[in-house]
């Protein structure tokens, strides 16, 4: 029998009236508002509501159950001597915790004016912490300033730590520094909660050096301050330092908890250290720390980013066993993981089984379809989303427009671009314009794409001009490419990819003077072409292959396999497309350069490491080049394999000599 039903049973069958010892205990453990009101009625009937302990317990029960109206009625019914600072403070804190700043301030004035009771430190702390927890951070800072300004009470460690959290939320680092100074003078600087709050405040305010300084100066290192340190460094992209310190904590035998491990995993994922995140997750489990419903959606993007499907499935099984799948964020992260690992049907299965969905869930599935070039399914799901009364947001329209872009649905893209603002009040942002520029550019409407850029209501960024430059590469439009490249060199002077793209456009037109000019520009700026990198998951281990790097232990066998494939391809009439090589070099040397692109290395490793017929899934950090695209089509047919390659733009599923993109990419 549950606690709730037991209490109902007692109220129906009790033959002796409740006494003043029973009721406070019952109020303290009362789970629901109706039961609290039933007990209240019993107290009224027996007259026990006038007992100070019973009344106080009832007051706090109502506040705990979230009804300040009932609580205030009980409080007003108490004799004036029983309306102590404890009751007033509880009411003030409850109003503040609900975000009712006005009500909290009025109560504070009323307790002084009508109640003749002066607020104490507990009153002010309840006000500050309540306002902060309810999202009224600025009001919380004002409350602490007023407390300090009245000069009657000195803020204690609780006041300072609550206020520091609020200061961080509103980014008032100068106020935070003043609080830091006060904490030192008041002697509460050594308090563990204050240390953690200082680290958190400086982290939110972007002061990475101060985060480490506060931690180093602390004589008391506990798991809370360590967690705050990792989170602060992560927020400020100091992932290497966060990893170093985390390893130090582990080495010192500090008893880190699931929050600690989740924080460092999230830190790695958010800062592009996916392989490290995967390894930390495995180490966390080896240490006996069980992931929770927050850890799983934190680590799943890492599995997705390196196509670690085996790890993702294990996390899925774990979440299923633990009952986490009812959590909308866990299920949404699983949808995203399966889609990014090439298993869009599995993603849809998870999506359809979700007991509830939010906009993140819908976006993950629509975005998954877009990534796989399944524009029809993406658009159909978008309309299902509208039928389900889920309002689309800016990410939704980015996914829908991206789907139209992948499939060349120019008219449909125009329609949704206009509809997003006219029908749903979502103002187009940079990413939406980038999709439209790509959509028009890939359809060969380069002048129309340029006109759209010219008419934008804000200054185009590198993504916009990059989209145009990419389309110029497809259609060999040198004049417009030079315009886009000039903008990009000014906006992103250190982005080597823009120089390489322009150089490739020159190279495809045999304009070697232009190629050399771009190479000299790169040399002057000190830039080098970003190396291609690919990942492939083989037998529960993620392998990273880097173009031009022979450090992989199986590289000799990989190169030998590629040579065999090249021989077979040439026998069957396949000729490498040397238009995709940056430099003006001899044809044979061009062939050698193309042979070691990272996706080819990854596929060759997969071919020699897995049994015939096994699907190969590869992730690449750059766009797949035309030569590799053709080579993958040949290999899929010759080897009888399905090969999935996810580049920075989309998925390419190669099977029987054809690609799912239909060569529209």
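Cβ atoms are placed via backbone N, Cα and C, with glycine included.
Confidence for the repeat 'PPR' (84-118), expressed as mean pLDDT, is 89. The repeat 'PPR' annotation in TrEMBL covers 84-118 (among others).
Look at TrEMBL and you will find 120-154 (among others) tagged as repeat 'PPR'. Note on the repeat 'PPR' (120-154): residues 85-86, 88-90, 92-99, 101, 104, 108, 111, 162-163, 165-167, 169-170, 172, 175, 182, 186 of its chain, located 6 or more positions outside it, place their CB under 8 angstroms from a CB of the stretch.
The repeat 'PPR' annotation in TrEMBL covers 222-256 (among others).
Within the chain, the repeat 'PPR' (257-291) has long-range Cβ neighbours (under 8 A, six or more residues past its boundaries) at 223, 226-227, 230-231, 233-234, 237, 239, 242-243, 246, 249, 298-299, 301-303, 305-306, 308, 311, 315, 318, 542, 544. Annotation source TrEMBL lists repeat 'PPR' at 257-291 (among others).
For 327-357 (among others), the entry in TrEMBL reads repeat 'PPR'. Sorting each residue of the repeat 'PPR' (327-357) by its DSSP state yields 23 helix, 0 strand, 8 coil.
Summarising the annotation, TrEMBL assigns repeat 'PPR' to 358-392 (among others). With a threshold of 8 Å between CB atoms, the same-chain residues lying at least 6 positions outside the repeat 'PPR' (358-392) that come near it are 328-329, 331-333, 335-336, 338-340, 342, 344, 347-348, 351, 398-400, 402-404, 406-407, 409, 412, 420, 424, 426, 646, 650-651, 653, 660-661.
Residues or ranges marked as domain 'DYW' in TrEMBL: 573-665.
For the repeat 'PPR' (358-392), the DSSP counts in helix, strand and coil order read 26 helix, 0 strand, 9 coil.
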